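Peer 1: The structure is given below, and queries will be raised subsequently.
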Protein chains: 2
Amino acid sequence: MDLDPSGHDAADPLAPFRDRFSPAPGVVAYLDGNSLGRPPAATAERIAAFVRDEWGARLIRGWDEGWWETPTTLGDRLGALALGAGPGQVVLADSTTVLLYKLARAAVAARPGRTEIVVDTRDFPTDRYLLGGIAAERGLTLRPITTDPAAGVTPSQIADVVGPSTALVSLSHVAYWSGWRADMEQITGIAHDAGALVLWDLSHSVGSVPLELDGWGADLAAGCSYKYLNGGPGAPAFAYARRDLLPSLNQPVQGWTGRRDPFAMAPGYDPEPGVRRLLSGTPPVLGLLPLTVSLEMLAEAGVDAVRAKSEKLTEYVIALVDARLAPFGVTIGSPRDVAHRGGHVTLRVPGARELVTGMQERGVIPDFREPDGIRIGPAPLSTSFTEVRDGLAVLEELLSAG
Amino acid sequence: MDLDPSGHDAADPLAPFRDRFSPAPGVVAYLDGNSLGRPPAATAERIAAFVRDEWGARLIRGWDEGWWETPTTLGDRLGALALGAGPGQVVLADSTTVLLYKLARAAVAARPGRTEIVVDTRDFPTDRYLLGGIAAERGLTLRPITTDPAAGVTPSQIADVVGPSTALVSLSHVAYWSGWRADMEQITGIAHDAGALVLWDLSHSVGSVPLELDGWGADLAAGCSYKYLNGGPGAPAFAYARRDLLPSLNQPVQGWTGRRDPFAMAPGYDPEPGVRRLLSGTPPVLGLLPLTVSLEMLAEAGVDAVRAKSEKLTEYVIALVDARLAPFGVTIGSPRDVAHRGGHVTLRVPGARELVTGMQERGVIPDFREPDGIRIGPAPLSTSFTEVRDGLAVLEELLSAG
């Protein structure tokens, strides 16, 4: 691969999108789009307009003019655009942690008599912590699998551990550390053969890799909207539940928003038949506004074009590391095979924490991940090849300066 | 009380605040500040500036520059200003429903062997639904009390039902329907004498009536920030837990944000010793911005001045109803004694639903509440006495037109 970025940028059909993001003065390279996506420039005004023209001018009437349905109207849009999910299966609400909790609780209740939850010991902490809590409170057992740190979960690992005791398998689709992309379709099939459900954390997938939840037979999924979806710091999350599972899913946080005919304020909880049964509290309408902007941009770009650029960006990261950084002891902690790779690449190098600090002081922003990871997450809509080259050049300078 | 509003407005020390809210063209009277508070005009630009200058320009570095601590820094500010709570006891996160769930679960776990949860059958639906769910999943029993619809829970009602079986008493401080203001201090004392904990829903109290959670010996509380706190539609909620209870409070939604040293991403959940143990997912930083603006305004006005005007506004509502609407069969569904009244007044009248529709068509916005309630919630910072008069005059017109 050509190490000169100019040709890649010139050939990049998504290059014009980069100028549509809010400027970041002094930032030489933002390589952390997989942690917090940049805001489109239109986002600030979109929110301000909402505050003035909807919240401020429509006031309480807004609830009858679309706000109340935001979790599902926006959920359907996200589902169609980025999840491969037909309507009526996606909501936006809460945080990823809370939605994972609700889905996991509903899942184990839907598999009574089964006693095990399969969990990846290298999964993102929230997933591990919450499943540990659920196992303890429901009298279940965690069945841990330990994945290759530079790769991730394989179908054969799942085949080895699932069986008649398995209630739920909980996995990340793209691993937060290595960027490994799991084979959702095959793993789901293996779990289904054992009668188990699978819950996918899509936080590092959505908006970066194409997803076909319906097509792959997925059961349950949740994820974050502030990474590749540019939803803003701490934005609400999304949850997916396959339509035919919904009647059997009873999540424990029974609030008025998940109840049938909520404004009747009637006695007793009677969940909505549809996907709104996953909701609990009042829809976070204002917090979801940035997502409305970025979904429009994603629709314009197209998820396939996003993935095509992402593949090339991560390939370029690997080529630069091999050519320029390997001599300093930097190795690739991510899959080299693009078929197994998500949208980010983690470099492994001793002193990673200090190197990331040095990079940040020079306007280059990747992420440090314990113990020795420098995570490079170029966002296809906002990151150029030149930016990647400039960012890694700073790392090279730091390494060569010792 | 003088039915002419002009003198009241002229004497109102908070009158200048009204012009600092975002305009609502065509709205004659907004009488629903207890459902959704109006945005200060400064809110739109504050959010836009955050998107440009913090999210957009600081990017991921913002998490180290105060964002991560937002739930507690803003929580402490809210606690000092409006809750009577010392630092380290309040977080902002999630929704009211999710926080009530976490607190109630933690509370019943902190009272092992006790089997009952006392619940008000007229409490807001979310509170009833979620306690029903918790009772079912934890093998507990709901001990219902039924309050006077035009009033609310009394200390003697609680004294009648609490005992050695009571784990938790869950109540609203100000009733969503009647506006009854419970005696938190006395009820808490009665529950404590029985060894039980009390969880208060402050959604209709906060920013409207003075609260002294520390002084009243409160255990646990949660509430909404989009009513009198002007946090915007679906804004994150707040939770309070008394400092000395924290070590015994284990909430079930174990996420990375509630863990000690979260970025170590270590195995096993080990909750933060302090109030952050109530957190689960990534802090909703962007969704909390409107609250930062309105808390500044509330600090400037002072909660005591807010309450003083609120008392006068609700007194004025009652006086107008008695003088002008009672002949049409309108009665007061709220406490007439200001000592028992929160910040809103509910009128009872046959055909309330249709009357509210008619009022809205004429630019007057109250709330309809099943079965016969027209809820009038004047927000002291944004509502004038003239507005109240004009709004109720429209109701009078509708009634006199039959």
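Backbone N, Cα and C define each Cβ position, glycine as well.
Unlike curated records, TrEMBL annotations are generated automatically.
Got these off TrEMBL a minute ago, pasting:
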type: BINDING; residues: B:Thr96, B:Thr97, B:Phe124, B:Pro125, B:Thr126, B:Asp127, B:Asp201, B:His204, B:Tyr226, B:Trp256, B:Thr282; note: pyridoxal 5'-phosphate binding site
type: MOD_RES; residues: B:Lys227; note: N6-(pyridoxal phosphate)lysine
Peer 1: Please give the pyridoxal 5'-phosphate site's span as the largest CA-CA distance among B:Thr96, B:Thr97, B:Phe124, B:Pro125, B:Thr126, B:Asp127, B:Asp201, B:His204, B:Tyr226, B:Trp256, B:Thr282, to the nearest whole angstrom.
Peer 2: 31
Peer 1: How long is the line from the C-alpha of B:Thr96 (pyridoxal 5'-phosphate binding site) to the C-alpha of B:Lys227 (N6-(pyridoxal phosphate)lysine), rounded to the nearest angstrom?
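Peer 2: B:Thr96 (pyridoxal 5'-phosphate binding site) to B:Lys227 (N6-(pyridoxal phosphate)lysine), Cα-Cα distance: 12 Å.
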Peer 1: Which of these recorded positions, B:Thr96, B:Asp201, B:Lys227, B:Thr282, are close to chain A by Cβ (under 8 Å)?
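Peer 2: The answer, in sequence order, is B:Thr96, B:Thr282.
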Peer 1: Which number gives the other C-beta atoms within 10 angstroms of the C-beta of B:Thr282 (pyridoxal 5'-phosphate binding site), all protein chains shown included?
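Peer 2: If we count other Cβ atoms within 10 Å of B:Thr282 (pyridoxal 5'-phosphate binding site), we arrive at 25.
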Peer 1: Taking B:Thr96, B:Thr126 as the binding-site residues to compare, which has the smallest set of other Cβ atoms within 10 Å?
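Peer 2: Result for the binding-site residues B:Thr96, B:Thr126: minimum number of other Cβ atoms within 10 Å at B:Thr96.
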Peer 1: Around B:Asp201 (pyridoxal 5'-phosphate binding site), how many other CB atoms lie within 10 A of its CB?
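Peer 2: Result for B:Asp201 (pyridoxal 5'-phosphate binding site): 26 neighbouring Cβ atoms inside 10 Å.
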Peer 1: Do me a favour and check the Cα-Cα span between B:Phe124 (pyridoxal 5'-phosphate binding site) and B:Lys227 (N6-(pyridoxal phosphate)lysine); whole Å is fine.
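Peer 2: Here the two Cα atoms are 15 Å apart.
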Peer 1: So how many other Cβ atoms are close to the residue listed as 'N6-(pyridoxal phosphate)lysine', meaning within 10 Å of its Cβ?
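Peer 2: Summing over all protein chains shown, the residue listed as 'N6-(pyridoxal phosphate)lysine' has 27 other Cβ atoms within 10 Å.
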Peer 1: Determine, to the nearest whole angstrom, how far the Cα atom of B:Thr282 (pyridoxal 5'-phosphate binding site) is from the Cα atom of B:Lys227 (N6-(pyridoxal phosphate)lysine).
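Peer 2: Roughly 23 Å, rounded to the nearest whole number.
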Peer 1: Could you state the whole-number distance in Å separating the C-alpha atoms of B:Thr126 (pyridoxal 5'-phosphate binding site) and the residue listed as 'N6-(pyridoxal phosphate)lysine'?
Peer 2: 16
